[in-house]
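Take a look at the structure below.
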C-alpha cells in the first residue's frame, strides 16, 4: 500500500511500535489475569491430588462451555452493536441481553448438573462439584456480557479486568488465606465468581445512560444476530474444551488434571491476541460499515504479520523449555505432560499466526461463513476425540485438538483471502 492510499483509507500512520506502546496497559492488565490464573492452577496442582484438582478443572471447563451456550452470542453482539446504538438505547440493549442470558441459564445449568452427576471425574464430591459448576456457569455468562459492553464503550482495560483478572486473583488470595480443603477451595471459587458477576454488571450499567422511551431494539432482532455468533463461540469452545470434558467422562480425573494444565499453558500464547481482538474489533466494524474495506484489511494485515512472528518465537520457546515449565506444576506433570504440551503448542501456533482474522469475520458480517468452517472443524475434533481418547487418553486428546486448531485457522485464512480479493477487485 502506498503512502497516499494509506492516508486515503484512514489507516493510522503510527507504526506498530507506537500501537504496542498504546497497548502496554492492556497487556499488563491481561498479563496480570493470566499470571493469576497460572498461579492458581499451579497452587491447585501442588496442593491437591490429581483426582481432586481434576474435579475442579472439569467443572470449570464444563461451566465455561455452558456459559457460551447460555449467553447466546449476546456478549459479541454487545461488543459489536452497543457503540453503534444511540446512547439512550444502549442500557436497554445491555439489560435485555442480561435477562435473556439469565433465562437461558436455567435449562443450561440443569443439563450441565446432570453431566456432573454422572461423570467419573466428579464422584469424589458431587455436591461441591455441582455447586461449583452452577455458580461458575451463571457468573461467567453475565460477566462476559458486561465486560464486552465495557469494551464497546472504549473501556477495554476495565473490561479485561473483570473478564480475566478479578476472579482468578481473588480466588488465589482466598485459597492462600483460608486453606486448600476441597470444600474451602470450592467456596473460594464461588465467592470470587459471584463478586465478579456483580461488580462487572454494575460497572457496565453505570457506564450507560438510563433508557428512555425511545424505541428499543426488538428481542427477536437481538436473538437473530446473537444466535450465529453463539454458534461460532460454541464451536470454538468445543474444539478447545471437548477434550477436557470427554477425558472427564471417559477417563480419570487425574488425566483431566494433566491435560488441563498443558492446555492452559499452551493457551497462554494467545494472551496478546485476546487484547488485540478486543481493541481492533470496533475499529474494523466501523471501517467496514463506512465502506472503508481497504482500511479494514490493512488493520488485519498489520497485526497478522506481527502475530505470525510472535507465534514462531513462542513455539520455539515452549519446545526448548517445556520440561522446566511443567516442572513448576509438579514432577508428574513434567513426566506425563511433555508430549501433550508440545503437540498443543503446535496447534496454538496456528491460532496465534492467524491474528485477528476471526474477529474480522465476526465484525464484518461474514460470521456465517466463519460458522460453516467451524462446524466442519468441530465435527472433526469430536470424531477424533471419540476415537483417540478411549485408547490413548491425554495424548489422543491433544492430537485431536491440535489437528482441529490447525484446520480451523487454515480454513479461516483461505476464507479471508477470498473475501479480500472479492472486496478489493
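Every residue gets a Cβ built from N, Cα and C, even glycine.
Worth saying up front: this structure is predicted, and the values here are computed from it rather than measured.
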| query | Which one of 4-26, 27-49 shows up in TrEMBL as transmembrane segment? | reply | 27-49
| remark: transmembrane segment per TrEMBL, picked from 258-280, 281-303, is residues 258-280
| said: Please identify the range among 159-178, 379-398 that TrEMBL labels transmembrane segment. | reply: 159-178
| said: With a cut-off of 8 Å between Cβ atoms, can you find at least three pairs linking the transmembrane segment (159-178) to the transmembrane segment (27-49)? Only pairs 6 or more residues apart in sequence count. | reply: yes
| remark: Among 27-49, 97-116, 128-147, 258-280, the most Cβ pairs under 8 Å with the transmembrane segment (55-77) come from 128-147
| said: Do any residues, 6 or more residues outside the transmembrane segment (258-280), come within under 8 Å Cβ-to-Cβ of it, and if so which ones? | reply: 23, 26-27, 30-31, 34, 37-38, 41, 45, 50, 54, 57-58, 61, 79, 148, 151, 156, 159-160, 164, 240, 243-244, 247, 299-300, 303, 307, 310-311, 314, 318, 325-326, 329, 332-333, 336-337, 340-341, 344-345, 347-349, 351-352, 355-356, 358-359, 394, 397-398, 401
